[in-house]
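Undergrad: Please see the structure below; I have some questions.
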Amino acid sequence: GTPPSSIPWLPVPPVSSPPIVGPLGSALSTRFGARPVAMVGGFLSGLGLFLGAFATHMTHLYLSVGLLAGLGWALVFTPSLGTVGRYFPAQRALVTGLVVSGASVSGLALGPLVPLLLDTYGWRGALLLLAAISFNLVAAGALLRPLPVPGESLGPPQERPGLIRLLRHGPFIRYALAFVLVDAGYYVPFVHGAAHAHEVGCDEHRAGLVMAAMAAVDGGGRVAAGWLAARPATPLLRHLFAWAMLTGLALLLLPLGTSFGGLLALALAYGFCAGAVVPLQFAGVAEVVGTGQLVHAIGLMQMFESFGSLLGAPFAGWLRDMTGNYTISFLAAGAFLLAGSLLILTLPGFFHTSQGAGGKEGSPAPTPNG
């Protein structure tokens, strides 16, 4: 049979993978290096999509596309981002912005491509072609050349102590909790934006245009925020706080978009600010824990964030069912974002300029008490 409702979630992001995948990716990278882990992740992502093409039940799709391919994408994401952060310590925010902007580009490309593939080849053929694209991640992973960090070596003795130190690291725990709250609101407009557009009177074409515009400026926001944060005048954490606050405020204003023009303008503002948060979030990890723990910290961040991202959109949907519209849903999501932003104020490096992990030379991780 044909499971039509399964197709919209084909491009599952790494954040929707099981929470353990982030720490698993970082531990494997520490043990074997980023290159082989990313290559294996690329293979698993392609394999999951390939097997999904032969599914005969929805459960098969959840296991192949949702679990196996999601695992593969996450195993590519963690070591790749951690490695790039080590390549360019002086320009970490800008480089991270350029790297994560690739997700926006691929999202824009897949938006019109997937329906075209479905119409032309059916859902099985579409999965096979997407699998062929994902297998290219193996070659991309082979291009990674991890740089050693002083005091850090590959091998099992470093795996558990590194993770345990981070779990006892007060500033990192506050940073991770901040993004649990941020992610609880962050994805709500991307998940429920089209339904809200229909709710205020937009037809299918205009609702799609609102979502496409929000996704398009997301990539621009990622690059712009990375470029601005590369200027040494202001500490990176202050940039992150400002963009997260702006994202929360834009989300609070979304219910005011009761016409197509108003909703489009607010969606553009939200998409740009939301995109700006992404590179600074990952570059900020190095500011909090140091370059030596960057891969472990990114993996744990993924684990913590997954709880917020997986709960936020369903909670917003429940609020919509309870109230009859999305106003309270967007207000609650904005409140989550603002609450997470305020936690960034408690981080040690916020109120003074530091030459720590985000500086040109990098630094070792702070002590567990911060």
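Here the Cβ of each residue, glycine as well, is placed from N, Cα and C on the backbone.
Okay, so TrEMBL annotates it like this:
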| type | residues | note |
| --- | --- | --- |
| DOMAIN | 1-352 | domain 'Major facilitator superfamily (MFS) profile' |
| TRANSMEM | 37-55 | transmembrane segment |
| TRANSMEM | 61-81 | transmembrane segment |
| TRANSMEM | 93-114 | transmembrane segment |
| TRANSMEM | 126-144 | transmembrane segment |
| TRANSMEM | 172-189 | transmembrane segment |
| TRANSMEM | 209-228 | transmembrane segment |
| TRANSMEM | 240-257 | transmembrane segment |
| TRANSMEM | 263-282 | transmembrane segment |
| TRANSMEM | 294-316 | transmembrane segment |
| TRANSMEM | 328-351 | transmembrane segment |
Undergrad: Give me the stretch from 61-81, 172-189, 263-282, 328-351 with the greatest number of Cβ pairs under 8 Å to the transmembrane segment (209-228).
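TA: That would be 263-282.
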Undergrad: Against which stretches of its own chain does the transmembrane segment (263-282) lie, if we need a Cβ under 8 Å and a gap of at least six residues from its ends?
TA: 81, 85, 93-94, 96-97, 99-101, 104, 179, 182, 186, 189, 193, 196-197, 200, 202, 209-211, 213-222, 224-226, 229, 236, 239-240, 243-244, 246-247, 250-251, 253-254, 256-257, 298, 301
Undergrad: Of the listed stretches (37-55, 61-81, 294-316), which one yields the highest count of Cβ-Cβ distances below 8 Å with the transmembrane segment (328-351)?
TA: 294-316
Undergrad: For the domain 'Major facilitator superfamily (MFS) profile' (1-352), would you mind checking the mean pLDDT of the predicted model?
TA: 83
Undergrad: How about long-range neighbours of the transmembrane segment (240-257): same chain, 6 or more residues beyond its ends, C-beta under 8 Å?
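TA: The answer is 182, 185-186, 188-189, 196, 200, 225, 229, 263-267, 269-270, 273-274, 276-277, 280-281, 284, 326-327, 330-331, 333-338, 340-341, 344-345, 350.
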